Structure formats: C-alpha cells, structure tokens
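Sequence annotations record features per position, and here TrEMBL assigns [4Fe-4S] cluster binding site to Cys11, Cys12, Cys89, Cys92. Look at TrEMBL and you will find Cys172-Cys174 tagged as disulfide bond.
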Amino acid sequence: MSKETILVHACCATCAGYVIQKLSEDYEPFIYYYNPNIQPEDEYVKRRNELKSYTAKLNLPFYEDEPDVQNWLAAVKGLESEPERGKRCRICFQQRLKKTAQLALSLKIKRFTTTLTVSPHKNSLEIIRTGEEIAALDQRTAFLSENFKKKDGFRKTMAIALAEGFYRQNYCGCLYSLPESLRKI
C-alpha cells in the first residue's frame, strides 16, 4: 500500500532532517523551498543548495519557487523592529504557507506542513494556527498540525545535522533578526 503524499515546506536542511525522517514513517514527503525572507542572496542559495542535495540523497522530490523578496519586504514594511516571534513573523509564515498550499493544490497533494515548528526560536502554535487558517480557505488541502520540536524533535534534528555535516546558521534568515551591524541587502 502506498503512502499518502505530503508537501513539506522547508527552510533549511538542518530543520528538515528530523521532520523528513518522522514524516517518512507515515507519508511520502515532497520537499518545497520557498523562503523570500532568507537574505542576503548568498545565504538563501547556501540553504537551498544544501537542502536540495540532502533531498537528492534521500531520493525525495524537491520543488522551489523563486523568492519574491520585494513582495516580502513590502509585506513586512513598518515591522522591521518587531522582535522575533512578533507580527513580522506571522506575515512571513502566512506568505510561505500560502505558497505551499497553492503548490500542494497544483500537484494534487491533499496535505501540507512545514519544518518551521521544529525550531525552539519559532512560535509553533502561531505557525500551526496560520497553516490551519490557510487550509480552511480552500478545503481541498489540509495542514498537518504537528509541533515537530515535541518529543526531543529539536535535539534529534540537531543530531542529524551534525551527522550530515550541515551548515548551521545563527539566524532565521530574515535580515531583521540579525544585529544592525550585520545587515545588508
């Protein structure tokens, strides 16, 4: 019996490791990289290429859309000084999960989720609420409401990252989460 396909929004290989492993128990994961928040461009490319290599190693389908950075910047305008887990993050989650749901529909995949909930730096309840709201707008696809950091998920994903030699970034990707002196667009 074949497993149900699930489209997994992923921000990086580090966060994806355990999530892919866990989801593979019950689903056939397809990986999707859409992260217009990740800047500068070399950071975006580094994360994308590493995730793409990892999914190829696992023989998983990999999809990506070009980041619409200007749209993202316009959407978060005025929220630049919001703290991590603030209003800017909510908008960022909405943009990325909406695109994930749209791709799931176009691929005729009935379920989607994200690796974002594995991070202790992200508000998993906010991410789950956002995914559920997006899925409710078009009920042809559902959001898998899973807090992947539970049951040692973050520790497990870090162990996989270490074993695989993944690059471990020190910020979510959003320039506004970096100290002012390190920002450059």
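The count begins at 1 with the first shown residue.
Note: Cβ is positioned from N, Cα and C throughout, glycine not excepted.
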List of residues, in chain order, with Cβ under 8 A from that of Cys89 ([4Fe-4S] cluster binding site) and at least 6 apart:
Glu82, Lys122, Asn123, Glu126
Fewest Cβ neighbours within 10 Å, where candidates are the recorded positions Cys11, Cys12, Cys174:
Cys174
Can you tell me how far the Cα of Cys174 (disulfide bond) sits from the Cα of Cys92 ([4Fe-4S] cluster binding site), in Å?
9
Using a 10 Å cut-off, grab the number of neighbouring Cβ atoms around the Cβ of Cys92 ([4Fe-4S] cluster binding site), all chains included.
23
